[in-house]
Amino acid sequence: MTELNKLTVADSIKGLKNKDFTSAELIGAHIKQIEKHRNLNAYVTETFDLALKQAEAADQNYAQNNARTLEGIPFAAKDLFCTKGIRTTACSNILKNFIPNYESSVTQNIFDKGGVMLGKTNMDEFAMGSANITSCFGNVISPWKANDDNADLVPGGSSGGSAAAVSGFMASAALGSDTGGSVRQPASFTGLVGFKPTYGRCSRYGMISFASSLDQAGIFTRSVLDSSIMLEAMMGFDEKDSTSIKAEVPELQSAIGSSMKNMKMGVPLSLGEGSIIEPDIMKMWQDTIELLKNAGAEIVDITLPHAKYGVAVYYVIAPAEASSNLSRYDGVRYGLRVERENMTLDEMYEMTRSTGFGEEVKRRIMIGTYVLSSSGMDAYYLKAQKVRRLVANDFNNAFAKVDAILLPTSPTAAFKIGEKQNDPTIMYLNDLFTIPASLAGLPCASVPAGLSARGLPLGIQIIGKQLDEYTVLKVASTIESGVKHIKFEPKGF
């Protein structure tokens, strides 16, 4: 029998319904795995007492035939989803001991469906990073190793703790947030399915903000079916979030295994020209195109002429919004306060923020403050907003001809911890292929599609039309079936 902590969400639900095991046993297996692999630093707060209590309630519901959709299923939450009475830090010193008195809508939705929370996962500070190396709790180590080297690898970022937890069988699923690729890129690095829904599909209420016009909750799972199950539970209109979309939550599970016949897949191959894309990634992209063609899809060459400006646009707009959002952390209302005798209010602000924020966060606040200044507004911010509109228009034009778009998730496989740490520009380019869809607010997923020559997982990205998560899942499911001969599982786990 498969170890309980290695079961997918769908198989766990089936086993619990058939009374093959209890939720308490399922949760116990995950707790053992977390304790065994604490060296990966995937979790920053463990909620085992809560999880065992929730598991006991789940077993009672199964006994009484009152089981809900996710009854007894173990999940983890990135540490920027506020959890009532449970420390929520965004992995920043400025919020290191913050305990919210309210619950985020997304975690509440999962609790309402019977989900069991194992803990809060590590992340880049305030979700700013692509390698999970900016956390005040230390970096996360990927469960994966290259077959020619035993060096520790990054799990991707900013949701690296969630990716490591699911990839290392320390959770069946895990919540992340995706601003410019922070679910999709770690999923690619760790051999997982990472899904970012349409902007506004999942409520942002109770999510600690980075860039409000880009932030969206997402999910890590080990199968496309699991993604559809979790998305159905997470999504929905929320009057507490002014950016929430008033649209019915669709039935998504029937997308799994649907035919690709007569589907048109857009492929912007020109985006790979002259970029930093590795040969392994290019081969995986070409192989996936052939896979979809053989499955009945029509491949259409498209262009996204403004997508190449995506990284530049993102690193103007996102820091600008961060500069505004993070101004609330001043040492007055909540979080860290640095004080000394005879200190003025301005000195308290300065010392609190200088001490509380890490280097990458300070860098982005400074960039954002400049582009919002009188000298930077016209030259950078307003121009970036115009180009963002052009990026969205490019997608609209493409979707007039195709049903979905296929791109690599990342230009590289996972790299060594510290390898790119001293060059922010190189680090920012990790999001080269994920940022354009974020700027347009589109649903997208990364699904494992191959292994590099060094044995590391590579993800392919599917981008859909607004509110068309169904088609994204359909394509992802076809790719998943086409590579089922590949085992996307780290050695030793």
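Every residue, even glycine, has its Cβ placed from backbone N, Cα and C.
Annotated features, as they stand in Swiss-Prot:
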type     : residues : note
ACT_SITE : LYS78    : active site, charge relay system
ACT_SITE : SER158   : active site, charge relay system
ACT_SITE : SER182   : active site, acyl-ester intermediate
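Positions of the features from Swiss-Prot, shown on the structure.
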residue : record                               : DSSP class
LYS78   : active site, charge relay system     : strand
SER158  : active site, charge relay system     : coil
SER182  : active site, acyl-ester intermediate : coil
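Looking at SER182 (active site, acyl-ester intermediate) and LYS78 (active site, charge relay system), their Cα atoms lie 11 Å from each other. Taking all protein chains in view, 34 other C-beta atoms sit within 10 angstroms of the C-beta of SER158 (active site, charge relay system). LYS78 (active site, charge relay system) is surrounded by 32 other CB atoms, counting those within 10 A of its CB over all protein chains shown.
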